[in-house]
Amino acid sequence: RLLFNLEVHGKMDNTGYCSESFNSLTDDVPPLDRDYGGSYGAGDGSNGVPKLMDLLDEPVPGVGTYEDFNTIDWVREKSKDRDHHREIATKSKESALALMKSISDAFSGWLLMLLVGLMSGALAGGIDISAHWMTDLKEGVCLNGFWFNHEHCCWNSNETTFQERDKCPNWKSWAELIVGTNEGPFAYIMNYLMYVCWALLFSFLAVSLVRAFAPYACGSGIPEIKTILSGFIIRGYLGKWTLIIKTITLVLAVSSGLSLGKEGPLVHVACCCGNILCHLFTKYRRNEAKRREVLSAAAAVGVSVAFGAPIGGVLFSLEEVSYYFPLKTLWRSFFAALVAAFTLRSINPFGNSRLVLFYVEFHSPWHLLELIPFVLLGIFGGIWGAFFIRANIAWCRRRKTTRLGHYPVLEVLVVTAVTALLAFPNSYTCMSTSELISELFNDCGLLDSSQLCNYANVSVTKSSSDALPDRPAGQDVYTAMWQLSLALVFKMLITVVTFGMKVPSGLFIPSMAVGAIAGRLLGVGMEQLAYYHHDWVIFRGWCSPGADCITPGLYAMVGATACLGGVTRMTVSLVVIMFELTGGLEYIVPLMAATMTSKWVADALGREGIYEAHIRLNGYPFLEPKEEFSHKTLAMDVMRPRRSDPPLSVIMQDGMSVEEVESLIAETSYSGFPVVVSHESQRLVGFVQRRDLVISIENARQHQEGVVSASRIFFTEYTPPQPPNSPPPLKLRGIMDLSPFTVTDHTAMDIVVDIFRKLGLRQCLVTHNGRLLGIITKKDILKHMAQMANRDPDSILFN
C-alpha cells in the first residue's frame, strides 16, 4: 500500500539521537494544546471556502494538531496564522477592548523575545559560575567558603603576591587538607586520586540524571533542533524536564573534565526556554510555524550567551540551524540576542566584565606574507574536520549497532577515567578547555607568568605600543611546546569518542582547542624563525630585529577558527563570532582566509558537516536545503503506490459509512487519506489527516445524537436527502483540505524536491489528467535521495 506515514508510529521508538538504551520520556508540555479551536482544516480560509461548523457549534478539540514524530504542514499553519490576523484586524475596528487586544497581540512577539533573552542569559550565567567553581573543586577547596572558586578565593586574600597570584593561604589543595603538605610524591598521588574521583563522581551524576529523568538532555542538541526547525515534532525534546536536567548535567559534564563544551548545549537550553515561554502566549502556543520562528530566535540567543557574540548568534541561526527565517525573525533574533548578552554582562560570571573566559586583545598588525601560514592552518582545520566527522560517525554507528550502546553509564565512566588519568599529568589538559584556549590566545606581556611566555630576557625599550618585540624562547617555552604537542594528540583522539555520549556535550570548545594548540605551535615556530632568520627573503623589509613581527596568540585564534569551520562548515557566522570574541577588526581577513580554506578542504574530503552527519545517522526526516538534487527522475518514479503495490487507500466523498472509515483507519498506518469523488472516477476532491478524522469521529459519537457505525460520512458541501429511518449523517467537510498540493506524474523530481523544501510540505498528490494516481511524502523523497546516493533507503527511519 501507499506508504504515506511520514513516520510509521508503530515501528518507532521515542528515543532519537541520545537514547538507544534509554526509556522514552513523555513530557507534559505538548507542542499544541488540546483545547485549541481555530479552523478545522488546512484549507479553511485560504481557499475561499467558508468555515462550516459541522459537528457542533464549538470547534473539536485536537483537530489541526499533530502526532508525535510527525512533520507539521507549514502551508496549513501559515494559513491559520493569516486567518488569526484577519480575525483580529476585523474585530479591532469594533471596540476599544478589541483594539487593545490587537495591540497586545502585535506586541506579544517582542515581549516573548525579551523573556527568552532574560531567562537564557540568567541560566547561562548560572552555568558559567557553577562550572567554574566545580572545575576548581577537583583541585582543592577554599577555606573562607567552599562556594568560592580558586580565583575568587585568592582575590579575597590580603597575603597573595602578584608573582604567585595562584597561591594563597585560603586555598588548600586536597593533598594539603588530607596529608598536610603539597610537596612530594605522596601529595602528588593524593591530588591525582582526588582529581580522578571528582571527575568520575561528576560524570556519574550527569549520566545518571540524564538516564533517569530526561534522555533527550544528552548530546549537543543542535542536530535535533535543526530537524525540529524544519518542521518535525519530537515531543518533550524542548520541555521543562529536558531544560532542568540539561542545565544541571551540563555543569556536571563540563566540570568532570571530559573533552566537551557547553556552547552547543546552550543553544538547546535557550530553545527549551523559548518553547516553554511560548505557552504563555496563545498565538505561539497554538501555531507550530509561529513557534518555530521563536525557536530560530532562541538558537541565536544560545550562541549569543555561549560566546558573548550577539550578532554572530543571529548569523549562526540564519546560516546553520534555521529552515524558515523571515525578516521579522531576523529583527526579533537581534533583539533577543541583545537582551541575553546584556543579562549575561549584568551577571558578570567571570568577574572581568567580559562575556567569555577567553576574550583577548592583540596589539600588533599582521603582514600579508602571514597569509601563507594562515592558509596552512585552514588546510589543517579542513583535514581535521573531515577526519573527526568520519571517525565520530563510525564510533557513534558502532555504539548504535553493538552492545556498547546498552551500557551508557559504563561508557561515560570509562571515558571519564581515561580522560582524567591521561589529563592530570599534563598541565595543559588538566585545566578546563576554556582556560586552555584563553592561555593559547593570550598575547604575552611583561607581567605574564605562563610557561608559554617564559622567553629569554632581552632589553625592552618602552614604546608607544603595548607589544613586546620577538624574543628567543626560553627552556620553559620548549617544555610547553612538547606538552602542547601531546595535548593536541590527546584532544584529537579523546574528542572523537566523547561527542555523542549520554551526557550534554558540545563540540565548539574541543574543536577550537585542537585548532588553538596547532595554531600556537605554528605561531611560536614562526616567531622563532623570524627572530633567528630575520634576514631571510620572506621576513626582510617587515620584520627587523627588535620588532614585534609575529603574534603566536593570533595564530592560535586563526587555528581555532579553521578547526571549528572544518567540523561544522560554518563560514560567515564563524568569522563574526571570532571577531566579536577578540574585538579586532583588522584580523577579519586572516580569519576569512582560514575559514574558507578550511571549508573547501573539508568539503573536498566529505560534503557533510558534523550536524548533518548526525541527522543522517539518526534517520531524521530532514531535507538538507544546501544539497542539490541532480538526478533525472520523475514524480511517477517516486510516488506510491508502485506497480506491484496494492491500490491507493482513499475515502469517497459521500459513499462511506463510519464503520468503513474506522476499519480503513484500523487496517492502515498512513497519516492521511485522499478524498475522491468515487472509486470509478478517482477525481480528487481534497485530503484529510488521519488524526483529524479519528478525533472528529470520536467527538461525533460522544456529542452528536444518533451517530452509529452505519451513519454515512459526507465530505460534500450539501448533504443529499437520506432515506427514512436511516441514522443521522456525519458531515466532515470542515476537516478536509480543499486545496492539497498536486503535481502531474511527469513533473521532474528536482522541481518536486524544491517544492517540498520551500513550502515545507508533508505530502504532495500526483495526478494524471485530473485523476488521482498516487502520493509522494517527505519520507519517500528522502528514501529516493538515499537510493540515488547508493545508501540504504531504510536508513531514513527515526531510530
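Just so you know, glycine gets a Cβ as well, placed from its N, Cα and C.
The shown structure was predicted, so the numbers you read here are calculated from the model rather than taken from an experiment.
Looking at the stretches 266-282, 589-605, the one that TrEMBL records under the feature transmembrane segment is 266-282. The largest share of C-beta pairs under 8 angstroms with the transmembrane segment (368-393) comes from 480-501, of the ranges 107-127, 192-217, 266-282, 480-501.
For the transmembrane segment (266-282), same-chain residues at least 6 beyond its ends with a Cβ under 8 Å from one of its own Cβ atoms are 29, 108, 111-112, 115-116, 119-120, 123-124, 127, 220-222, 224-225, 228, 238-240, 242-243, 246-247, 250, 291, 294-295, 297-299, 301-303, 305-306, 321, 340, 504, 506.
Residues of the same chain lying 6 or more positions beyond the ends of the transmembrane segment (238-260) and with a Cβ under 8 Å from any Cβ of it are 25, 27-29, 123, 126-127, 130-131, 134-135, 137-138, 195, 198-200, 202-203, 205-207, 209-210, 213-214, 216-218, 221, 228, 266, 268-269, 271-276, 295, 415-416, 419-420, 423, 430, 432-433, 491, 494-495, 498-499, 501, 503-507, 509-510, 513. Counting Cβ pairs closer than 8 Å and at least 6 residues apart in sequence, the transmembrane segment (405-424) and the transmembrane segment (192-217) reach three or more and so form a contact. Non-local neighbours of the transmembrane segment (294-318) in the same chain are 109, 112-113, 116-117, 120-121, 124-125, 225, 228-229, 238, 262-263, 266-271, 273-275, 277-278, 284, 324-325, 329-330, 332-334, 336-338, 340-341, 343-345, 354-356, 359, 508, 570, 572-574, 576-581; each lies 6+ residues outside the stretch with a CB under 8 Å from one of its CB atoms. Broken down with DSSP, the domain 'CBS' (736-793) shows 23 helix, 19 strand, 16 coil.
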